[in-house]
Amino acid sequence: MYRTLVFVGSIYLLGVAGVAAQNDISHVNRGNKLYEKEKYVESEIEYRKGIEDNKKSFEGHFNLGDALYRQEKYEDAARQFSEAASMSNDKKQIASAYHNLGNSLLQSNQIDQSIEAYKEALRNNPKDDETRYNLAYAKMLRQQQQNQQQQQQNQEQEKQEDDNQQQQNQQQQNQQDQQNQDQRDQQQQQGQMSKENAQQILDALAQDEKEVQDKVKEQQQKKAKRYRVEKDW
């Protein structure tokens, strides 16, 4: 049966063991107490003070990332978790940092990067089921995103094809309309030429008839004159 995946967004918070007199540890511990009271802005301030005293404090960077994450400052949180991961040789600490890094990246919609972070967490702690679960969830989101992108591309391609077909149909219609107009113009011109030719023929016939009549009149006039001459003589 298909199982619906739900993102497990828990964030690991690290306590600090050590001499309380050290300033950075004191700030981190105070930050943890504020964090547990959900006073994330105040806890952020304490963690930053701890980092100022010890820039290589794994706990300071890690827990600062937690406080930023709770304030939905996911990109800033991701930077702190990445810093923390580079400051420890303990595999479980590194795995926890990458787990939280994956969560921050996923919340920032950087799905591919979150998948790589979860994978790195599992390399350092293969038994972390929560990380494995989040990795599966991130992969599912990526597949959904790819499907949506493919669907959008298909829709855009279909729209482009429809637009091209409509444009082609319009061009063909315009060409057909132009051909029809040219044909009508040609027929009209031919009709006009036929009338002109007919008129020319009629004029020619009229001219021929006139010439014939003129000749007939001329012959008649000659006969009439001859008749008169013979009668007088």
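Glycine residues also receive a Cβ, built from the backbone N, Cα and C atoms like all the rest.
Record features, source TrEMBL:
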COMPBIAS  143-155  compositional bias 'Low complexity'
COMPBIAS  165-192  compositional bias 'Low complexity'
COMPBIAS  207-233  compositional bias 'Basic and acidic residues'
REGION    142-233  region 'Disordered'
REPEAT    58-91  repeat 'TPR'
REPEAT    95-128  repeat 'TPR'
Query - Helix, strand and coil counts within the repeat 'TPR' (58-91) (DSSP) - result: 26 helix, 0 strand, 8 coil
Query raised in the report: Against which stretches of its own chain does the repeat 'TPR' (95-128) lie, if we need a Cβ under 8 Å and a gap of at least six residues from its ends?
Result: 7, 9, 11-12, 14, 58, 62, 65-66, 69, 72, 74-75, 77-78, 81-82, 84-85, 88, 134-135, 138-139, 141-142, 145
Report summary line: Restricted to the repeat 'TPR' (95-128), the mean pLDDT of the model is 97
Query raised in the report: For the compositional bias 'Low complexity' (143-155), DSSP counts of helix, strand and coil?
Result: 13 helix, 0 strand, 0 coil
